[in-house]
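What follows is one structure encoded as structure tokens, with my remarks underneath.
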């Protein structure tokens with residue numbers, strides 16, 4: 001904001017604006033003026049750049065022209081969406097006074113603050129993604145982290161112990177807005193994130209947090225929520241809740257509990273693992289060819305959001321998983337009937353949040369009614385499903401016949417967007433409203449009846465009833481008959497050829513008609529608000545119903561996917577290990593134009609590490625990733641792409657796959673690789689699944705080999721994690737001879753003439769050839785380069801004392817060998833008989849051969 005030195009020099013309207021702006025200095029202020037929201041001074045300049053709207057000037061105040069930009073009120077949602085997507089927050093200032101009775105500027109106040117993490121408007125949200133507000137706190141013992149989805153009321157907290165875990169949480173939750181304390185030490189952890197909001201220290205005070213949360217939940221303490229002994233998480237949660245209340249300017253009745261997320265309850269995946277497994281986002285940042293793109297055929301937005309939460313937080317409780325498996329199995333014969341009905345339920349979860357915030361629009365209530373209308377059919381279909389968990393969901397979703405009847409009576413079939421447009425409440429719902437509407441709509445009929453009646457009563461054939469904007473309703477009699485006007489006719493206007501009169505009945509009717517539209521609209525708004533009061537006492541049951549419907553959508557979807565994609569139900573075992581028969585990569589098999597080659601896998605305490613060798617393009621990375629994805633799918637309760645799967649307990653999944661420079665942080669490919677490797681070696685346990693792909697690249701051969709060897713030893717002997725270790729260092733294939741629990745497998749390739757066929761099938765034992773030059777030739781590397789590479793390869797093999805180990809079988813020849821031309825010097829030597837040469841001839845041959853080389 002430009003410095004305003006002399007406040008009194010401004011006009012009263014600008015003084016009002018400046019007072020309101022001073023309360024919200026860091027965010028944009030939309031100031032309502034008639035049919036527009038106006039922005040002034042620096043706000044106007046900023047908005048014109050962000051929204052690409054015209055920057056103009058408005059008169060002058062304090063002797064200076066005022067920079068101004070404006071947007072029409074009816075298009076405000078579109079502009080808010082643009083600003084929120086850019087991480088901006090906006091204070092919405094409305095006229096709350098009556099211009100007709102106001103002395104000076106109309107009274108205005110900020111009625112809500114729209115921020116990226118607290119939006120609930122349908123137009124501003126991505127319907128199939130959670131939109132989270134988060135707060136982060138740090139002290140000497142670790143981190144506190146809280147998230148709130150204001151569009152559903154889901155409130156969570158956690159206490160990540162270290163920086164890596166905190167980074168993984170930030171990546172998993174991906175908040176739209178993040179609150180942090182002004183003295184937050186680990187700024188590098190959050191720098192570059194969208195929607196950062198610096199908050200004063202006192203907002204994170206623990207006693208204030210407990211008080212805020214108890215007040216919100218109507219409790220004396222937080223023991224019942226299991227968060228009493230999580231002080232760091234509570235500090236974050238307290239700040240977050242206060243911020244949500246401040247921005248919404250209303251109570252938040254849909255936030256009725258808080259849940260502690262504990263590491264031991266779910267499989268932990270760090271940021272690199274989530275990225276490498278391409279769960280909801282591919283490596284390029286898009287949504288194509290991700291696990292979600294294959295698994296998510298849910299028919300409601302709230303079901304889609306729940307499935308993504310499951311995928312990012314696989315549960316370790318086998319009781320929950322077995323229940324989900326049983327439900328999926330029971331639902332497989334009912335998916336075709338259930339999905340079309342579920343599709344009609346829509347996004348009930350977010351509609352309920354807007355109801356709680358009292359911002360639900362008429363079409364929200366119409367959609368809620370439509371959702372209620374699906375419940376009887378859903379309940380009837382589910383009655384036939386022989387499954388206790390399904391019947392529990394059926395009961396939880398309820399029926400809400402009374403609320404359905406209420407909304408069917410109250411709201412018209414296709415209501416307008418806004419209640420202020422009128423015509424929302426159905427005819428017959430309220431007698432007084434019907435009367436006001438009849439007055440507004442039926443004025444012409446009444447006037448015609450009055451004219452006929454008065455003509456008959458007075459006998460005056462020139463009498464007629466009319467209306468004009470200046471004098472309102474009137475009875476007009478020609479000047480020739482005006483002396484016969486009844487005594488109760490009061491003169492209103494004299495014309496050249498007629499007199500106009502008013503009677504008490506017509507005056508009363510005039511007052512009614514002129515105010516009927518305004519009264520009808522005011523009463524309609526009142527009745528609409530009363531609908532909220534009738535619905536909100538049922539909010540808790542409605543939220544449970546929405547949750548049950550979302551879960552049913554996810555489970556029906558997983559049942560459909562299992563049947564359509566030929567998935568099998570995995571079996572959980574007590575000991576660490578993974579045994580997969582005919583396993584497939586869930587994403588790759590969908591994008592291939594040819595049948596996917598299924599592969600087995602066997603990991604157990606006695607066979608806990610597989611050294612995977614084979615050619616580039618042979619399928620090593622696919623094989624490793626499919627193992628992790630099958631494990632991940634099993635631990636959300638889903639069926640999996642395989643013929644048979646047995647899987648033991650898993651606490652973490654780690655991946656060190658692929659490589660990329662982190663230029664923004666000044667870290668090279670090798671540094672990124674080593675950082676991820678260090679995280680694995682520090683945090684993996686015997687219950688962890690570890691994928692290590694090409695460890696040791698990016699440095700010298702011997703450095704890389706030494707690091708890869710030491711890492712493999714550590715994982716196999718000390719940590720004893722279940723490990724898939726892909727490598728091009730053939731020396732590592734000796735590890736099974738040197739330690740227990742390690743085995744070699746390889747991906748096969750076949751040569752056929754001048755071509756190479758990658759079989760993509762996993763075989764026991766080490767690979768016999770590298771095929772690096774073959775792949776280079778396939779990629780189109782020029783023949784002369786391939787030829788030179790082969791010459792160099794032979795030189796290196798002849799020099800290396802460990803050539804045999806490097807080659808495994810002594811051959812490193814490319815399958816796509818380009819026939820070499822015989823050197824002229826070699827040809828000359830082959831034709832030479834040294835025994836027949838004189839000393840002079842021998843000397844001449846040496847010079848000749850020298851010239852040929």
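The count begins at 1 with the first shown residue.
In case you wondered, yes, glycine gets a Cβ from its N, Cα and C as well.
Taken straight from Swiss-Prot:
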type    : residues                               : note
BINDING : 614, 615, 616, 617, 618, 619, 620, 621 : ATP binding site
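Here the features listed in Swiss-Prot are placed on the structure.
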residue: 614; record: ATP binding site; Cβ within 10 Å: 29
residue: 615; record: ATP binding site; Cβ within 10 Å: 22
residue: 616; record: ATP binding site; Cβ within 10 Å: 18
residue: 617; record: ATP binding site; Cβ within 10 Å: 17
residue: 618; record: ATP binding site; Cβ within 10 Å: 25
residue: 619; record: ATP binding site; Cβ within 10 Å: 24
residue: 620; record: ATP binding site; Cβ within 10 Å: 26
residue: 621; record: ATP binding site; Cβ within 10 Å: 20
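Residue 621 (ATP binding site) falls within a helical segment according to DSSP. Note: the ATP site is recorded as 614, 615, 616, 617, 618, 619, 620, 621; in the same chain, 747, 758 also have Cβ atoms within 8 Å of that site's Cβ centroid.
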